[in-house]
Amino acid sequence: MARSKISVIGAGAVGATVAQTLAIRQTGDIYIFDIVDGLAEGKALDILEGAPHWGYDLDIKGFCTADESKYAEMKGSDVIVVTAGLARKPGMSRDDLLLKNIGIMKSVGEAIKKYSPESKIVVVTNPADIMAYAIYKASGISPERIIGLGGSLDSTRFRTFLAQELNVSFEDVNAFVIGGHGDDMVPFIRYSNVSGIPIEDLLPREKIDEIVKRTRFGGGEIVNLYKTGSAFYAPGISIAVMVESIVNDRKRVIPCAAYITGEHSKTYLVNNLFIGVPIKIGKNGVEKIYDLKFNEDELEAWKKSVESVKKNSAIADDYFAKNQ
C-alpha cells in the first residue's frame, strides 16, 4: 500500500516539530517547503538523519519556494500543513501583521489550488481561524477540507493545567476550549471532567478560574520564558494529532477552526466563516460539526469571540477584494 504524503509549508520551529513528530510516528512521507534558501532542505536532512535510530523508512525532502515552481513537489499530498507566516515585530500593529499573513496565505492558497487541489489542509498560522478563511478564499477548496488549529492547542493546555492541579494522569482529563485565542477563548467547564467526574466537583470555582486565566495566556507564558520565541513543541504535537486523524481516518473529536454554515449558523451565530468548534476529523477532513448548548455566561463569552472573528474576517474580505 502506498504511503501517505504530508507537505509542511513553513520550516520554522513549529513546522519542523510537526515534521519530526510525523516522521517518528511513521505517518507518511514528508515534504517541507520554505521561502528561505536552505532552511527546508536542512530541516529535512536533519530529521532524515535520525531515521537509523528511530527506524522510519520514509521520504523526507525539503524545497525552497523562492522558486515558486518548487510548490509542484506537493502534488498528490494527502494533507498540507500551513505554518508559514511572519511573527509580530516591534512597531507592527496587529492589523499590519494580520494583513501581511493574509497576503502569505493568498500566495500559499493559490499554489495549493494549482498543484494539489485535492488535499486536506491544516492551517496553523495565527490567527488560525482567519488564516483558514484566507486559504479558503485563495484556493477555492471545499471548506470541509480546510481545518484551522483553533482550540486544539488551548484545550491541551487546559487539560495539562487541570491534571497538574489535581495530580492525576494527563490522559484522564477531558476538557476543551472553543472560539479564538486569549480573551476570545471559551473554555467549556461544564463538559470538563476526570474520567467522568465533573471538574466542578473536584475543584473550587476560584481555582478553576485561575486555571482558565492561565490557559488564556498560556502562549504568552511560554513567550515570556523563552524570551526569543514562542511555543512549538505542544503546537507541533497538536497538529500531528490532527494530521494522523485525517491520514488514518481515526475520527478524532477535537476543537478546531471549521467553516460554519447552514444549520450550524443558528448555534454558533456566524455564517460562512471559520471559528473554533468541536469537530470530527477523518479522511475527508471535517466530517461532523457538533452543536453545543450554551448557558448564559458561555453565550456571552462566545459572542465576544464571534465579534472578533467577524471583524478580522472582514479585513480578509477587504484584502481579497483589493488584491484579485
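Glycine is treated like the rest: Cβ placed from N, Cα and C.
Source: prediction; values computed, not measured.
Positions annotated as NAD(+) binding site by Swiss-Prot: G10, A11, G12, A13, V14, G15, D34, N101, V124, T125, N126. Taken from Swiss-Prot, the feature substrate binding site covers R88, R94, N126, R157, and the record attributes it to similarity to another entry. For H181, the entry in Swiss-Prot reads active site, proton acceptor.
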Give me the Cα-Cα distance between V124 (NAD(+) binding site) and R157 (substrate binding site), rounded to a whole Å.
16
Residues that sit under 8 angstroms from N126 (NAD(+) binding site) by C-beta distance, when 6+ apart in the chain:
G85, N101, H181
Maximal Cα-Cα distance (Å) across residues annotated as binding NAD(+), namely G10, A11, G12, A13, V14, G15, D34, N101, V124, T125, N126:
17
Cβ neighbours of R157 (substrate binding site) where a neighbour is any other Cβ within 10 Å:
25
Taking only the Cα atoms, work out how far R94 (substrate binding site) lies from G10 (NAD(+) binding site), in Å, as a whole number.
21
List of residues, in chain order, with Cβ under 8 A from that of V14 (NAD(+) binding site) and at least 6 apart:
T83, V124, F232, P235, G236, I239
Given the recorded positions R94, H181, which one's Cβ is surrounded by the fewest other Cβ atoms within 10 Å?
R94
Could you state the CA-to-CA distance between G12 (NAD(+) binding site) and R157 (substrate binding site) to the nearest Å?
22
Rounded to a whole angstrom, what is the C-alpha distance between G10 (NAD(+) binding site) and R157 (substrate binding site)?
24
Given D34 (NAD(+) binding site) and R157 (substrate binding site), what distance in Å do their CA atoms have, once rounded to a whole number?
28
